[in-house]
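Feature annotations, reproduced from Swiss-Prot:
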REGION    2-94  region 'Head'
CARBOHYD  Ser7  O-linked glycosylation site
CARBOHYD  Thr33  O-linked glycosylation site
CARBOHYD  Ser34  O-linked glycosylation site
COILED    95-130  coiled coil
REGION    95-130  region 'Coil 1A'
REGION    131-152  region 'Linker 1'
COILED    153-244  coiled coil
REGION    245-267  region 'Linker 12'
COILED    302-406  coiled coil
MOTIF     325-328  motif '[IL]-x-C-x-x-[DE] motif'
Amino acid sequence: MSTRSVSSSSYRRMFGGPGTSNRQSSNRSYVTTSTRTYSLGSLRPSTSRSLYSSSPGGAYVTRSSAVRLRSSMPGVRLLQDSVDFSLADAINTEFKNTRTNEKVELQELNDRFANYIDKVRFLEQQNKILLAELEQLKGQGKSRLGDLYEEEMRELRRQVDQLTNDKARVEVERDNLAEDIMRLREKLQEEMLQREEAESTLQSFRQDVDNASLARLDLERKVESLQEEIAFLKKLHDEEIQELQAQIQEQHVQIDVDVSKPDLTAALRDVRQQYESVAAKNLQEAEEWYKSKFADLSEAANRNNDALRQAKQESNEYRRQVQSLTCEVDALKGTNESLERQMREMEENFALEAANYQDTIGRLQDEIQNMKEEMARHLREYQDLLNVKMALDIEIATYRKLLEGEESRISLPLPNFSSLNLRETNLESLPLVDTHSKRTLLIKTVETRDGQVINETSQHHDDLE
């Protein structure tokens with residue numbers, strides 16, 4: 001409901017609309033004066049009555065009525081000095097009743113006014129209490145919630161920064177370990193290639209050793225065959241020598257003196273020497289060749305043995321390095337897995353803490369929103385109380401004007417009913433006056449905003465009945 005409608009409705013409720021009766025209007029009082037004239041020609045009293053009504057705007061409502069009475073006795077005329085005091089008694093009784101009703105209405109108005117004053121005081125006290133609570137809530141909410149929110153935000157930022165630094169440090173360590181692992185893997189690949197090359201070289205050396213062993217065996221067989229051939233030739237030579245010696249002994253007796261015969265012994269000796277020299281030379285050459293071959297093969301075998309021993313040593317060294325690198329790789333894998341597990345746990349903890357912080361932030365924001373809504377509700381209640389207070393102030397001012405008007409009306413002198421102006425009047429000659437009721441309606445509209453009056457208008461309406 002707007003301020004204008006509240007003010008208008010309260011004003012209409014207090015003063016009544018165009019259709020309200022005189023009994024329901026508690027803010028209207030009447031003073032009735034009556035004048036009656038008589039004529040001696042006929043008994044037709046003419047009554048003129050004026051009613052003055054005080055309204056909130058200071059206007060007066062006037063009612064005039066004329067009553068025409070016709071009698072069945074047209075020839076009777078009253079004297080001027082004969083007075084009927086029953087009319088005065090009726091007027092006094094009506095005035096007393098009016099005054100009694102006015103007193104009752106004034107008492108009711110005073111009671112309502114006292115109730116309104118008590119209500120206004122109570123509402124003002126409630127307004128002060130609500131204002132104090134509002135100020136207290138503003139101060140406490142701003143100080144407590146703001147400080148708590150800022151402190152928690154600083155703590156959250158600090159933890160987020162710490163977790164970010166820890167995460168960056170772990171990522172750097174992980175990158176370093178990954179680089180070390182890559183370097184060790186490259187080194188392992190190189191060592192494995194060198195090992196394969198050494199094994200291939202060793203295999204070739206083994207092939208050479210096998211070939212040398214086969215060549216040595218072949219040479220040994222050749223030496224044995226040559227020795228057997230030399231023994232056979234020597235045996236054959238000895239047999240030939242023995243045969244020749246036997247032939248020489250058999251033909252020794254047949255000597256021709258006349259003919260000079262060659263020296264067979266010298267020839268045989270020469271042949272033997274020649275064969276011996278050839279055999280010795282062949283034997284020497286065979287021994288030299290065998291010795292040279294054996295020396296070459298021995299030297300090659302020694303070289304191959306040295307190379308094999310060196311290859312074995314290198315292979316053992318490579319094997320030890322491979323084992324150590326494998327152990328180191330396994331250790332690094334374990335360390336990497338543990339670091340990755342720790343990193344996952346830290347990420348999960350970080351996500352959980354971030355979710356908790358988000359929940360805390362959301363809860364604090366909800367509390368802040370609830371506090372804002374509560375403050376807005378208190379402000380609306382305060383605005384409603386201000387509107388009610390303004391309406392009550394307007395009603396109090398209206399009652400004050402009514403009371404002042406009533407006091408000013410009561411202070412007027414009362415009419416003297418004993419000195420009535422009676423004169424003789426012919427009622428037949430008087431025109432018939434229609435009964436009319438004139439009423440002035442004052443509509444006062446007050447617009448307020450934030451407890452301040454921004455517009456005030458008044459309208460007067462004159463109605464006739």
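Placed from the backbone N, Cα and C atoms, the Cβ positions cover glycine too.
According to DSSP, the secondary structure content of the region 'Coil 1A' (95-130) in residues is 36 helix, 0 strand, 0 coil. Summarised by DSSP class, the composition of the motif '[IL]-x-C-x-x-[DE] motif' (325-328) is 4 helix, 0 strand, 0 coil. For the coiled coil (95-130), the model gives a mean pLDDT of 84.
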